[in-house]
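As recorded in TrEMBL, the features of this protein are as follows:
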DOMAIN    14-122  domain 'Ig-like'
DOMAIN    194-271  domain 'Ig-like'
DOMAIN    285-379  domain 'Ig-like'
DOMAIN    569-665  domain 'Fibronectin type-III'
DOMAIN    667-762  domain 'Fibronectin type-III'
DOMAIN    766-854  domain 'Ig-like'
DOMAIN    863-958  domain 'Fibronectin type-III'
DOMAIN    976-1060  domain 'Ig-like'
Amino acid sequence: MFISVSSAETQPEPPLDPIGLFVARPQDGEVTVGECGNITFTAKVAGESLLKKPSVKWFKGKWMDLASKVGQHLQLHDSYDRNTKVYTFEMEIIEANMTFAGGYRCEVSTKDKFDSSSFNLTVNDFFKYSYSSTQILIPFCRGEGKSESQSDVDVWDILRKAPPTEYEKIAFQYGITDLRGMLKRLKRIKKEEKKSTAFLKKLDPAYQVDKGQKIKLMVEVANPDADVKWLKNGQEIQVSGRYIFESVGNKRILTINHCSLADDAAYECVVGDEKSFTELFVKEPPILITHPLEDQMVMVGERVEFECEVSEEGATVKWEKDGIELTREETFKYRFKKDGKKQYLIINESTKEDSGHYTVKTNGGVSVAELIVQEKKLEVYQSIADLTVKARDQAVFKCEVSDENVKGIWLKNGKEVIPDERIKISHIGRIHKLTIEDVTPEDEADYSFIPQGFAYNLSAKLQFLEPPKIHLDCLGQSPDTIVVVAGNKLRLDVPVSGDPTPTVIWQKVNKLLFESEGRVRVEMHEDHCVFIIEGAEKEDEGVYRVILKNPVGEDKADITVKVIDVPDPPEAPTISNIGEDYCTVHWQPPKYDGGQPVLGYILERKKKKSYRWMRLNFDLLKELTYEAKRMIEGVVYEMRIYAVNSIGMSRPSPASQPFMPIAPPSEPTHFTVEDVSDSTVSLKWRPPERIGAGGLDGYMLEYCKDGSTEWIPALPGLTERTSALIKDLVTGDKLYFRIKAVNLAGESGAATIKEPVTVQEILQRPKFWLPRHLRQTLVKKVGETVNIVIPFQGKPRPKITWLKDGQTLDSKDVGIRNSSTDTILFIRKAELHHSGAYEVTLQIENMSDKVAITIQIIDKPGPPQNIKLVDVWGFNAALEWTPPQDDGNAQILGYTVQKADKKTMEWYTVFDHYRRTNCIVSDLIMGNEYFFRVFSENLCGLSETAATTKNPAYIQKTGTTYKPPCYKEHDFSEAPKFTHPLVNRSVIAGYNTTLSCAVRGIPKPKIFWFKNKMDLSGDAKYRMFSKQGVLTLEIRKPSPFDGGIYTCKAVNECGEAEIECRLDVWWCTIIAFLTFYF
């Protein structure tokens, strides 16, 4: 059995999918194991729109590619139908088993498309508790029972469900011959099997095998030593070459080799009193006709032999003539012969009555052949001859045969000729004629005359001579016009006709054209001629004439060719109205529009030093002007233009002259009067906010008298400075002033002073503007430079006096330099004696102002004094010393203690930034002797020399007895005491600030901070630090509300101490205001 599954067989053709690739998708299929279970799945793909063959893959499940499984049970095929332009892909499954069941998928892909289709295969088990197969029914049905209807009907199921009264009717309907045998087997099937004690596994209810194949019947017995008997139709089977008995453990196997129809029987396996029953059905394959019969034509009395070949040797076939079976009773006339797979039907002496159709039939095929028996041979005296005629001439075909009674038919290209008014057929005696009047091109064909009853075919050809003809749609009207784009190939296809083939001549304006002219080529085909010009040019325009000539006549036609092209490039555009980031572009239309109207223009620009052009418009410009925007000021640009028509875009025009977008600067800012005297006015200003790419050439300063409209230049020409002194003015005049910035693009707007300025000296009260860092003590190291600049105001120029500690300064030691706006104190190399309080006084008539400045010059301190080794015990040594005599004019910040082994005298730091004047050095090495030294430290650093112990400290070795001296226990307790006070501070709001002081006390005191007597320990805005006795309070981003009295309190068990300071917090605007007025 072979099953082919495709959409065309299972359902109507689906509508074409405009997106998908499949024309027909593979459909679900079903096959049964053992029934020669072959099945084919078909997919069809439309190839009309594909450039090459699509790629197709078949999958089982999700990922198993079946291309790697091709072999005995799987074949893949593909084909292509050139008529329908459809690719067919097939997957053939051969002898399917239960493992083949499941889901399959077909994927097809091309260069830019993909499609897939899923389908399922169902595989049915033939033997397992199933009797629905029609093959099992074959022994019970008549020969006609192998109809198509039975393959779709389960007779076992019908009998199982039907009442007994319906059995006879069902047997008659389905052609069952052994109804009683089927009912017995059906009854046996219905019985419930009892649990067997002898068999572990019995035979299956039924087995099926192909004729000539081998089959094994197997049971499993409970006793491995048990003997079994095998019965066939109740008779015991004896061991032979075809029957083999096997015993393997509990298994007993009967093997039947080369099964034949005689082995189709009931089999039993007997163990003691128990039996296991089964039936074996031997399926005989159909006999096929591998080589069919062939038609034959003989004369009366000749021998006839029909031959065919079948698929099996010695097969029985059935011969028929015109539907009537030929039997052995007619042996005297028909003889049947078998030779292996070949079958023969022989007729020794044929007669006229033996003519007809002969058929050979098998149970698997039919072949038919025709036998024609002629009485005698027919002689042809004159055959028909080929004719060549012109239009509207007469054509006559004539032939003569030996028998005047023989009739025949005339054929034209294999079809019978029907006579009419123009075509005449005549038969006079032995002569047969076919006459055709007014011959036309349609009459050109192959003509044949066939005598009836004879295997003759007299044929000839009619050739029609046709005058040349040019077939153009506009022939006889105005000349045909062909439009071609310049540069493209010009191809003129002119349909022509004429027999014999006419000669073609091409001309242009009475000039012959030859193929040797390079770009020109003429091709001649059967039904048309082609005139080709490669790369059409403007010069190819004109009227072309084609002339056809053959012996029958002449024809000609004119064709007008028009060549169109892109426009010529416009002339270079012009630029005007240049601004800060814009300009206006003008251009003229191109001189030649390419034969098509200009649709618009495209404008491009680029930076002069660049090679990249940027398109400015995406929609075509219809006008001849355009305002270009969004340019960068100060960059040099160029413009060019394209003209566009329906053919395309012209070449670019020449670039415009380079240009630079620039704009005048903005007006100067902060234009104010700096000073006024009886004849001069001093002005100052700041540069414009926007200068632009044109730069700044200078400033033009003008003034105008109050009540006048005439502006007078205050300076000759332009000035590049941002201040000016205007001289030679009239005292008492009221003047207005204005200033303009000037560059390449012109003048900016004017910055003016709104109120008139009176030319008159102004008395100004003296006032110092003391810098912030000079309001506190100025600390410098010895040798550094001191440079103090104090600005002031006052008019007329004030008198300045410097004092130190109430005494006049020595000009040799300290430098003083005064100007009209500030005074400077300069010390080249500071010394300690330069420390002190300095006072500077500003005096104008009876008005004065003074400020005080404190300068502190510091140096490195001297070494500590009176260092001594107090005690040595264990691994420790105790040291004491006194502060240095010279503190370098700065507070001692601490001490550095070092030790050195007497053997190496290499010094190592023990304590750094140590604040006390005594210490204990630990972790000394036993048996060594140590020297100790101490450096003092202030803001300038460590002292240059150190105080060193005179005698070394010896660390005794283990084993020696040390008796420590008995000292009276010293009480180190000490009440808290602030060693560095809090300092009053003024800070700016918004900047973090700190308050610092230092305290000592034993035991370590507990620290509390207060603001206006309020405890600050729980406020997140304040952070408190304590490191080696230095206390710090950090205030995060203070505001004016954080100003007040801050108190630091230290408490231990010996007492308490507190210190306070004042903190002022100012806004920047308030400070500037106070500074200005005070």
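Heads up, residue numbers simply count up from 1 along the chain you see.
Glycine is no exception: its Cβ is also placed from the backbone N, Cα and C atoms.
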Q) In the domain 'Ig-like' (976-1060), how many residues does DSSP assign to helix, to strand and to coil? A) 3 helix, 54 strand, 28 coil
**Q.** Confidence summary for the domain 'Ig-like' (976-1060), mean pLDDT rounded
**A.** 91
Q) Within the domain 'Ig-like' (766-854), how many residues are helix, strand or coil going by DSSP? A) 6 helix, 52 strand, 31 coil
**Q.** the domain 'Ig-like' (194-271) - residue tally per DSSP class, helix then strand then coil
**A.** 3 helix, 40 strand, 35 coil
